[in-house]
């Protein structure tokens, strides 16, 4: 063996002697091996649970983002007629394509609305929709119908009140815009007046305002009048409606 370099002292232990903290490790024993396996197993389990949790949070976020980005396009396609779209090798009419989109997005809406929601005790069978421009809500109405909800559309407060009074069975909820053109003039508080009239009659049907950002600024006034919520997006609206009852098509 070569002598140690100047200034260094040769180790006092014999070659092959493994001492803790000097040149080697503790010898592995069955107990230490088992402990290491337990630690690794626990870490893997924790990682798996974390992935599951993140996945549960991520899919609603991603689905909501996709729906938000595609929704204007879907609405435009749903309004169009008279030409075809090539999807893969298939030629589909715009109507066929829009119907396929409605089915897909209705399923996404139903799933998103159910995220974090408690089990519903009731089923939302019917909705009354009050809007002087029903074409603006054609996609949302089609999605609700795809989810098994019967939707009745009317254009004015008076028509809405008559529909509620004449219904053979009570509507599960009412959706209204805030501003409507009624009786030859624009009534910017039409939705509020509908709510006030219903509550004055003792009608407790849930009423949701689905409108522009201006309605959000009047949220306190709307809820103070007896409204049950304000939505500025279809996803928010479907969450509010899901709070009333489960969509029939999603009943297991």
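Placement of Cβ uses the backbone N, Cα and C atoms for every residue, glycine included.
All annotation found in TrEMBL is predicted automatically rather than curated by experts.
Features as listed in TrEMBL:
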type	residues	note
REGION	1-30	region 'Disordered'
DOMAIN	126-248	domain 'Response regulatory'
MOD_RES	177	4-aspartylphosphate
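In the predicted model, the domain 'Response regulatory' (126-248) has a mean pLDDT of 95. Using DSSP to sort the residues of the domain 'Response regulatory' (126-248) gives these counts of helix, strand and coil: 57 helix, 28 strand, 38 coil. Taking Cβ-Cβ distances under 8 Å and a sequence separation of 6 or more, the neighbours of residue 177 (4-aspartylphosphate) in its chain are 130, 131, 132, 133, 190, 191, 209, 210, 211.
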